[in-house]
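Novice: Input: one structure, supplied below.
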Amino acid sequence: MEMICVLFLSLVPAYSRGQGVYAPAQAQIIHAGQACVVKEDNISERVYTIREGDTLVLQCLVTGHPRPQVRWTKTAGSASDKFQETSVLNETLRIEKIQRLQGGRYYCKAENGVGVPAIRSIRVDVQYLDEPVLTVHQTISDVRGSFYQEKTVFLRCTVNSNPPARFIWKRGAETLSHSQDNGVDIYEPLYTQGETKVLKLKNLRPQDYASYTCQVSVRNVCSIPDKSITFQLTNTTAPPALKLSVNETLVVNPGDNVTMQCSLTGGDPQPEVLWSHSPGPLPPNSLVQGGNLTIWRIRVEDSGYYNCTAINNVGNPAKKTVNLLVRSMKNATFQITPDVIKESETIQLGQDLKLSCHVDAVPQEKVVYSWYKNGKPARFSDRLLITRNDPELPPVTCSLEIIDLRFSDYGTYLCVATFQGAPIPDLSVEVNISSETVPPTISVPKGQSTITVREGSRAELQCEVRGKPKPPIIWSRVDKETPMPSGTMTVETYDGKLRLESVSRDMSGTYKCQTARYNGFNIRPREALVQLNVQFPPVVEPAFQDVRQGMGRSVTLRCTMLKGSPMKVATSVWRFNGTLLAQPPAEQQDYSELKVDSVSRETSGSYECSISNDVGVSACLFQVSAKAYSPEFYYDTPNPTLSQKQSKNYSYILQWTQKEPDAVDPILKYRLEVRQLAQRNTIQTFIPVQKMEKGLLLEHILPNLKVPQSYEVRLTPITSFGAGDMAARIIRYMEPINYPSPTDNTCRFEDEKICGFVQDKMDNFDWTRQNALTQNPKRTVNTGPPTDISGTPEGYYMFIEASRPRVTGDKARLISPLYNITAKYYCVSFYYHMYGKHIGSLNLLVRVRNKRAIDTQVWSLSGNRGNMWQQAHVPINPPGPFQIIFEGVRGTSYEGDIAIDDVTLKKGDCPRKPIGPNKAVALPGSGVSAQHGPCLCGPLTFFLYVLLR
């Protein structure tokens, strides 16, 4: 009777009782993966506790129609941990090897365009315990008029952890407690970063010289083991001390081989010596051997501070620093400064004049400047003064000042910078002083004040400088506080030209050129402005638009220019399926339009509008048709799987709505294509449509699907125009379990939810769901089933693996959902596979939930039972709500895999045929014997089922 009803429903499409199934998104976050929980009462939707290094798996379960899209975001993390928003179609967020900085609050945002988005959050708490750090500090104080000294030792133990760690101090094997005697004190210091506990040993006694251990624990949260560190305190314990073989400032020549020796002069236990460099790491041409640091063929860029540090966790680390300077000279510049007192900007006879010379050198203070006039050393006099370090100019700048300039002072002055006694080439700069030496002027050449170029081409901005000498030109942007294309804020040129390669629209704007105050006159800079205009092709919208309209109706297409340079439509060209359309000349405006008078099969297709602004062309693309939009599959169907008890087939309730049905002509029928995954054959049928409106839920039953196969379903609407857009989805088999009312339902483990069974968190390892296709090809031979009870490679079963790291006696427990009592007697039936010479035990337990949970073993089987599936029937009579537990126990070695399949919980008696190890066991508190007679539950259930139908 049931098969006839299912076949009848599969031929006629059904419709929902109401209209408008469009619903806003709803979301719920669940966590999977390697979660661990501190306490049972902390299990909630909003907190996910996980161990650092494990895999985080969050699932955002969504409902709503159309199917919502999911986006994950994160807050409350480190600034360095930027979590990017992504669209995850499978609603799953997975983070491998999660780190502590990735803890925080994660948000799932689901939206489908109906109502407001659904936003849910969950806090991820990453648990960790670092290795503790133990440091020792000693103080010595005079007591009673300096007759003797009192020595106090502080052992400081610090650790980073989450949750906060518990500290245990031990002296040898003895656990120390706070104030257990006058010589011991344990306290937590104020204003410490991380967690810290201090063990204070007052007025050190002989027995205090011992081995001390700091043990830290997070109480086995997430199975994180305790950690500890030990220190041996002796009467020779002392902090490290260092000495250097070189001065704290070391000046060397480029190309030298440099060795710096850092020697230990004290410390117990033996300190560790480390070398470091700032800024940056040690140079690649260096080698550290013990306390010696050697740098071969040293370069200028190897200059910096080299730090030698000795650490033994007693007292503060000892540190010595060497400031290593590699001699160098570069960038010789000069300045001509007219009479400052008279605020002059030109050279005039009778006024003062100052010539300045500067080089960038290391070390700067070791540079020696020499001045020459017309090739001869300048003679110093009352009118010719030399200042070695001019306070008005950059540090270590040498100035030659001429008082009361005369005609005889005209000539060529040469400034030479040297490192005396060092093999560094001299640098020199020449300054010519004459009546022709005049300050600079700057201007833009005629016709060059505005430069217009196309995007991607080369641009050249130019300013002309007149004067003697000609200073460099410094370019910068005026209208935007952005760097130049080179990445710097200014660019220096010597020919007055700023060359820009491959310009972009962002480079448009005003540029300033100004004279530098070096290699010329040290006066107020002269400035000029140049405007750069970058022309670029138009930006249009829409780039693509799907236009749907019923046959015979008109539609107007518009392509709008959003921006461009120049901002005007020069020409617009329309094409239909690549063929040029005649279009009247458009007026000067920022858009172009085309009207399609009547949509038909002949006028349906691709329309392209190309808009030009004489610089480039951009196009709008319109796809015009009377095709129907795609169906919208309904994913929130309750219990979509219908099982067929007489065969291992199932039916599936497929539901959908039609997107925008009124946008085009009425839908006449649907083409349905069903294909089993991994196969090519497709079954095609047509579903007629009797009624259609927006939001109406359509329904069709897919019959004779094979358990546990998955199928691809394609659904295409058909109108008088023809086939519309196709929608596809995957149909996956789900166990039709309506627990907690399990009567006559069989769990075949074909669905990932495994019928609500869960792994016990208190066992040693887990059961695994697998089939012949997913099992490990390297699995141990001579044990375990090749397939499930059905014999198909796709069929799933639950399995325990006995190979390493499992050891003898390890247990894996699989716990069912909680079942409410609706009958006096139940029968648990299941298939088991126990093949291998090292088989352990398979136990069935019943957990009764009354005032407290009580686990009772009701069935057990051990040893090799052959390479076959066998069935067991176990009667139970629980006195209250109960769960069943399958417990697999690992045997003596690796050939001991155990599997179970097809678990059924039925009301009433078990079959009366004898079952080897089966034995009825009365549960505590039941008050009845294990043997019982038949009951009328089966017929009564069938009668109620018929009434409900």
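Yeah, the Cβs are placed from backbone N, Cα and C, and that goes for glycine too.
Sequence annotations record features per position, and here Swiss-Prot assigns disulfide bond to C60-C108, C157-C214, C262-C308, C357-C415, C463-C513, C559-C609. The annotation domain 'Ig-like 2' is assigned in Swiss-Prot to 132-230. Residues or ranges marked as domain 'Ig-like 6' by Swiss-Prot: 537-625. What Swiss-Prot lists as domain 'MAM' is 745-912. Among the features that Swiss-Prot reports, N-linked glycosylation site is placed at N42, N90, N235, N247, N257, N292, N307, N331, N432, N577, N649, N820, with the record citing sequence analysis. The annotation GPI-anchor amidated serine is assigned in Swiss-Prot to S926. The annotation signal peptide is assigned in Swiss-Prot to 1-18 on the grounds of sequence analysis.
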Novice: Return the member of N307, N331, C513 nearest to N820 (N-linked glycosylation site) in space, with distance defined Cα to Cα and candidates limited to these recorded positions.
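Specialist: Of all the candidates listed, N307 is nearest in space.
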Novice: Please classify the secondary structure at C415 (disulfide bond) using three-state DSSP.
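Specialist: The residue in question, C415 (disulfide bond), is strand (DSSP, three-state).
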Novice: Using the alpha carbons only, what distance in Å do you get between N292 (N-linked glycosylation site) and C559 (disulfide bond) once rounded?
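Specialist: Just about 73 Å between their Cα atoms.
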Novice: Run through the Cβ atoms and count how many others sit within 10 Å of the one on C60 (disulfide bond).
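Specialist: So the number of other Cβ atoms within 10 Å of C60 (disulfide bond) is 25.
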Novice: Please list the DSSP helix, strand and coil residue counts for the domain 'Ig-like 2' (132-230).
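Specialist: Output for the domain 'Ig-like 2' (132-230) reads 6 helix, 56 strand, 37 coil.
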Novice: I'm trying to understand the geometry here, so how far is the Cα atom of C513 (disulfide bond) from the Cα atom of N577 (N-linked glycosylation site), in Å to the nearest whole number?
Specialist: 53
Novice: State the count of C-beta atoms found within 10 angstroms of the C-beta of C308 (disulfide bond), not counting that atom itself.
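Specialist: Its Cβ shell of radius 10 Å holds 24 other Cβ atoms.
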Novice: Fill in the CA-CA distance, C60 (disulfide bond) to C214 (disulfide bond), as an integer in Å.
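Specialist: That separation, Cα to Cα, works out to 43 Å.
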Novice: Per-residue pLDDT averaged over the domain 'MAM' (745-912) comes to what?
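Specialist: Averaged over the domain 'MAM' (745-912), the predicted model reaches a pLDDT of 88.
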Novice: As a test of the contact definition, list every same-chain residue at least 6 positions from C463 (disulfide bond) whose Cβ is closer than 8 Å to its Cβ.
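Specialist: Those within reach of C463 (disulfide bond), by Cβ under 8 Å and sequence separation of 6 or more, are I442, S443, V444, I473, G496, C513, A528, V530.
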Novice: Using the alpha carbons only, what distance in Å do you get between N577 (N-linked glycosylation site) and C214 (disulfide bond) once rounded?
Specialist: 80
Novice: What residue among the glycosylation sites N247, N331, N649, N820 has the most other CB atoms lying within 10 A of its CB?
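Specialist: Output for this query is N649.
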Novice: Treating G and I as helix alongside H, and B as strand alongside E, what does DSSP give for the domain 'Ig-like 6' (537-625) in helix, strand and coil?
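Specialist: DSSP composition of the domain 'Ig-like 6' (537-625): 0 helix, 52 strand, 37 coil.
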Novice: Around N432 (N-linked glycosylation site), which residues of its chain at least 6 apart sit with Cβ under 8 Å of its Cβ?
Specialist: G411, T412, Y413, K468, P469
Novice: Out of C308, C357, C415, C609, N649, which of these recorded positions is nearest N331 (N-linked glycosylation site) by C-alpha distance?
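Specialist: Considering only the listed recorded positions, the nearest one is C357.
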Novice: I'd like to confirm something. Which of the disulfide-bonded residues, C108, C214, C357, C559, C609, has a Cα closest to the Cα of N307 (N-linked glycosylation site)?
Specialist: C214
